[in-house]
Amino acid sequence: MIKGHGIDIEELVAIERAYLKNARFAKKVLTEAELSRFEELSGKRKIEFLAGRWAAKEAFSKAWGTGIGKLRFQDLEILNDRQGAPYFSRSPFTGKVWISLSHAAGLVTASVILEENDES
């Protein structure tokens, strides 16, 4: 059963401005493992990665029903599988977490669905 669905959309330029203004911005948003991957990237791809993680974590917090505030960015970790698909490797939700990210026209969108485990 679906517990929640959250969507977020961000402008890449807004995330880039925040990052350029304060280098600690990435450390606030990203876990150690995410930061390691982030530091391997360069240019536009680096900003897309950071914006994608930001949007996905915001979308999760909306699906969870708390928003960021009751939930910290560090409570959530998104890694990529062998095919490059993102997945939540850390979250407070014990069920299945579905995530979709898309980048286009200077925007990133994230959709997160929380599905409770069947207990029947």
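Cβ coordinates come from backbone N, Cα and C, glycine included.
Here is what Swiss-Prot says about this protein:
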BINDING   ASP8, GLU58  Mg(2+) binding site
Local backbone state of GLU58 (Mg(2+) binding site), from DSSP in three classes: helix
Protein Cβ atoms within 10 Å of GLU58 (Mg(2+) binding site), excluding its own: 23
